[in-house]
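Engineer: The structure under discussion is supplied below as structure tokens; questions concerning it will follow.
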Amino acid sequence: MKATLAAPSSLTSLPYRTNSSFGSKSSLLFRSPSSSSSVSMTTTRGNVAVAAAATSTEALRKGIAEFYNETSGLWEEIWGDHMHHGFYDPDSSVQLSDSGHKEAQIRMIEESLRFAGVTDEEEEKKIKKVVDVGCGIGGSSRYLASKFGAECIGITLSPVQAKRANDLAAAQSLAHKASFQVADALDQPFEDGKFDLVWSMESGEHMPDKAKFVKELVRVAAPGGRIIIVTWCHRNLSAGEEALQPWEQNILDKICKTFYLPAWCSTDDYVNLLQSHSLQDIKCADWSENVAPFWPAVIRTALTWKGLVSLLRSGMKSIKGALTMPLMIEGYKKGVIKFGIITCQKPL
């Protein structure tokens with residue numbers, strides 16, 4: 001979601017499980033955040049596509065665009081141009097300054113690259129073209145363009161975000177390397193095999209059809225290209241478990257109404273979807289502890305005089321978002337919400 005320091009060696013990498021109960025059924029309820037209507041669906045664990053009506057999907061796109069049209073300016077004013085979580089040391093009790101939290105957001109990018117295996121000069125040289133799927137106001141794109149000297153293209157549903165991202169690229173003398181446009185992640189306007197790095201930093205949670213989302217990521221990846229998905233998920237279901245507990249789903253439904261998150265899935269679901277495309281080096285990790293300090297920091301910022309004034313000026317969507325933040329913390333603490341990374345490589 002475009003809203004966001006552990007000893008790297010302490011992180012657990014989980015390869016995909018061939019004995020997963022991929023295919024067992026669970027029931028989901030998709031509530032369109034822009035209306036009181038709901039669409040009842042049945043999905044499978046691993047096949048998590050949401051069979052929403054076309055009108056509901058269009059309402060979702062419009063809702064996401066309007067949400068970020070309204071809230072992105074507030075986020076940039078308070079937190080800067082990286083609209084994603086920071087990466088912290090687990091159980092850190094240090095009260096970081098604003099600059100410390102912004103450094104943690106940069107670390108999130110670096111840790112994601114490290115986890116995906118983009119760690120040495122030889123690997124970095126291979127990255128010539130990057131797509132940032134759900135780019136926000138382009139913080140990741142501009143960082144990656146500078147780091148790799150690569151051509152980066154960011155896509156977002158929000159015209160306000162796309163314009164601001166292009167303006168910032170021009171201001172930072174990066175317009176020749178980083179460009180941004182309004183486009184749908186489920187129907188990307190790019191030819192097959194275009195990008196050496198396919199980057200999705202906290203955008204997957206907005207996708208109503210996870211299978212189509214993954215299919216598009218794979219389609220636009222070049223042979224040998226890396227795919228990095230960093231996203232909010234719900235916990236993995238245990239063996240024999242068909243669905244989340246009702247109280248768990250209730251928390252997710254409330255968050256969905258504010259942040260336009262139509263279909264939660266688990267990291268296991270993502271792994272199985274990627275496995276179905278015969279990708280290589282599929283791995284995932286739970287980084288929930290590494291992002292735990294972030295939402296309390298957002299709340300503390302919102303409760304400052306500057307934060308309150310900015311919230312009121314930004315509008316009702318921002319205010320609703322601030323009021324929903326405690327639910328994110330509750331979900332994390334109760335183990336319902338997980339912050340996951342899933343990476344893989346497309347075969348040559």
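The backbone N, Cα and C atoms fix where each Cβ goes, and this holds for glycine too.
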Engineer: Among 210-219, 220-229, 260-269, indicate the range for which Swiss-Prot gives the feature region 'SAM motif III'.
Structural biologist: 220-229
Engineer: Under Swiss-Prot, the annotation region 'SAM motif I' belongs to which of these stretches: 130-139, 160-169, 300-309?
Structural biologist: 130-139
Engineer: When Swiss-Prot marks a stretch as region 'SAM motif II', which of 175-183, 193-201, 319-327, 337-345 is it?
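Structural biologist: Within the set 175-183, 193-201, 319-327, 337-345, Swiss-Prot attaches region 'SAM motif II' to 193-201.
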Engineer: Would you kindly list the residues that approach the region 'SAM motif II' (193-201) from elsewhere in its chain, counting only those six or more residues past its ends and only Cβ-Cβ distances under 8 Å?
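Structural biologist: Hits for the region 'SAM motif II' (193-201): 2, 4, 84, 108-109, 112, 118, 126-134, 140-141, 144, 148, 150, 185, 217, 219-231.
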Engineer: Mind checking which residues of the chain, 6+ beyond the ends of the region 'SAM motif III' (220-229), have their Cβ under 8 Å from one of its Cβ atoms?
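Structural biologist: Same-chain contacts beyond the ends: 112-113, 115-118, 126-127, 129, 131, 188, 190-201, 204, 270, 274, 279, 341-348.
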